[in-house]
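The feature substrate binding site is assigned by Swiss-Prot to 27, 28, 29, 30, 31, 46, 76, 152, 207, 321, with sequence analysis given as support. Taken from Swiss-Prot, the feature site 'Transition state stabilizer' covers 76, and the record attributes it to sequence analysis.
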């Protein structure tokens, strides 16, 4: 296995002292990069992820180009769902489309047991290739969290208000519980397999869970998240687990009482406010990705975030959501250098 020579990200995730703020970006690998767009002329997303050499190349590009302190495996949160019997297609300009949506108990009952080594060996092979031969920074594996996966499975695709998902949850609580159990077992198994293959940390993407009230989260979602985290920690107690959601500041206190290591926040919450709500966790975030399209505003916001970030150990610079396709790679490199250089100066001053 390649030795990790840059462990800034891991030290920050453990709330240890660092000499500069670590940086990585959600969706740093992919659609904003010319090299990736050229690949997409020939291959679909799923075709790229099924070829370990190509997928590893895409995953590593941002490390080489931007100087980020962690790589995140290039794949989609939908990747494991075909292994459960879900017919999913990624449509350009739309996103994931489910051709056999979940609407009844019978639909839930038919979901297959997910076995990573059988269903997604190419994901594990990509991780092994990166960890063994290619990366000197930590590799982050990830999975979609059950609510977000269920929202796609029930709605049949992207949704603005998740009304089919929430009404299913309210109307069929017992069936919902079975669905959460199945998705939770899949997610835990999937994350453990990624760590076994060489991932240094894992992130749970619950992109749409902010649509729920805290009361609904506590009742319908918290039990399955606790189960996932508990099962991963039982096998890999020292591997950092990151929780990332959008528009979910009202749920931060829920995560404070779980054995998570890092909590991601978006631009709707300040780092100082987040630290008050999750004092035991490292914080990741929280630049609005839209500012990457307005360079002066981006650096202005970055400076403000740095000033907050250095106040306490346990901070990782990231976006509050993914990089947009229109963002110029040069901007990400410039921002990475700025975060590194500026935070190093400020931390030296004490």
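Including glycine, each Cβ sits where the backbone N, Cα and C put it.
Each of the binding-site residues 27, 31 was scored by the number of other CB atoms within 10 Å of its CB, and the largest score is that of 27. For residue 207 (substrate binding site), other Cβ atoms within 10 Å of its Cβ number 22.
For the binding-site residues 29, 76, counting C-beta atoms within 10 A of each C-beta gives the highest total at 29. In three-state terms derived from DSSP, residue 27 (substrate binding site) belongs to neither a helical nor a strand segment and is classed as coil.
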